[in-house]
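K.L.:
Straight from TrEMBL, here's the annotation block:
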- 1-29: region 'Disordered' (REGION)
- 1-10: compositional bias 'Pro residues' (COMPBIAS)
- 53-245: domain 'FAD-binding PCMH-type' (DOMAIN)
- 201: active site (ACT_SITE)
- 249: active site, proton donor (ACT_SITE)
- 319: active site (ACT_SITE)
């Protein structure tokens, strides 16, 4: 029996997860002010900057190249009551069709990817704007174990820490020693291991921006690490739709169960809404194609959650962030 095509809604679902200001910000909060050289553009398309490639524009958008620029932007948002969000690698994110109010900041990797490795002590320090894949590759090459099974996880180091990215064997928080952060007022300080907590796809890192992180890894044979990373990658490639536009896993796995298996048992693999589809390779992935809208993805999320709850009594919780 083929899965159903579900008609797409005319209107997107209600706003979810946005941080709204109680005061009305000025129409042009970044005009004629000193931003340490940072450039702010308006109505910047966000869809090309996300893995799902759907969604509307950012009202304001900036890519600061220094801490001074980042602090100036954040401070201006605080002064004017302008909403401010950080965009990482664009994975694990769905932007609504109506776009995002306020300022969206993205840290360009060419300016925010410094990495230092002390192989003797096992200490690794990296900018949080660096791709997670770069950190994994360099630590494997240096013969330091602890991150090799994170191969194939998209996004930045900062995004991985915020959501405690991981797999069956390890997660990024288990080897994190400290994180330098910036608050919504622009204050910078370091949170050490005893101030941090990590859980399944969660962390206590709720500051606006993660700047730099330190990890403590253990020495190991580089060839053995590379082999382990390669086997992990092959397994992911065989079971996940890595060649399609997707944001990664949509739902968290309920305790002791697989969200993908629950969705498959509910008969939802291959179900389409507009240009979005529940992957026929892995039930916990939604892939998008030509003509897809954010509303299509939202409708599929609701359908999967409601159907699984009705048939199994299990309530799925989204891992995907929705702006």
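If you go along the chain as it appears here, the first residue is 1 and each next one adds 1.
Including glycine, each Cβ sits where the backbone N, Cα and C put it.
Could you place these features in context, so I can see how deep they sit and what lies close by?
P.N.:
Proximity of residue 201 (active site) to non-local residues of its own chain (separation of 6 or more, Cβ distance below 8 Å) is seen for 163, 164, 165, 252, 319, given in sequence order.
A sphere of 10 angstroms centred on the C-beta of residue 249 (active site, proton donor) encloses 19 other C-beta atoms. Residue 249 (active site, proton donor) carries neither a helix nor a strand DSSP state and counts as coil.
There are 20 other Cβ atoms within 10 Å of the Cβ belonging to residue 319 (active site).
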K.L.:
So what's the average pLDDT for the domain 'FAD-binding PCMH-type' (53-245)?
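P.N.:
Here the predicted model's pLDDT, averaged over the domain 'FAD-binding PCMH-type' (53-245), is 94.
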